[in-house]
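Here is what TrEMBL records for this protein:
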{"type": "BINDING", "residues": "65, 81, 83, 84, 203", "note": "Mg(2+) binding site"}
């Protein structure tokens, strides 16, 4: 397990250094290749995926948003979103990253999520809680608890104006940041994290694993995570009354 986490860190460090020292306008252009997830891949998406494959394919089969399923005839799957928040990166909006989940016997046993804008990498295994490191120095980051969260996160809020109106009517404050894995990774900092849309495994596998101690609800259309049962029920009831 430790070797897998270390190789994830190495891959993220390579991607981070490329983005912050070598990336050009060519990297944020669409390639014309429609990835497995249905989006037109950016050049940087494919470069990041290639780096992850080089570091991680020895551990198991790769399931990536860009190339789909790459079998190595192993019993372990590695679920990757090479760039979470590609549009943010392409717009120079500093909220984008990567997510990796390690799956064994249909169960996630480890996850690594990196905020490539801040250079903070978070990881968790089935035997340990969330740890955070500064990617450049690999020094631990104090993961302090935020007692009084100020707002929630509603990813893809633009896809559901009716729910936005309901939240407005209840004076529920939220942000829509554009990178679901990053938002789930830090769900403890917010009142809630709400996602609307197609729940693809490579979008949420790592993030949901990070949230397994929190209140969580998922159906075909919504994902809700909240640390407070009050906030959790408030959002869930609002959705149920749509």
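Count begins at 1; order follows the chain as displayed.
Glycine is treated like the rest: Cβ placed from N, Cα and C.
Sequence features annotated in TrEMBL and their locations in the structure.
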residue : record              : CB count, 10 Å
65      : Mg(2+) binding site : 25
81      : Mg(2+) binding site : 32
83      : Mg(2+) binding site : 28
84      : Mg(2+) binding site : 31
203     : Mg(2+) binding site : 24
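Under DSSP, residue 83 (Mg(2+) binding site) is assigned to a strand (E or B) in the three-state scheme.
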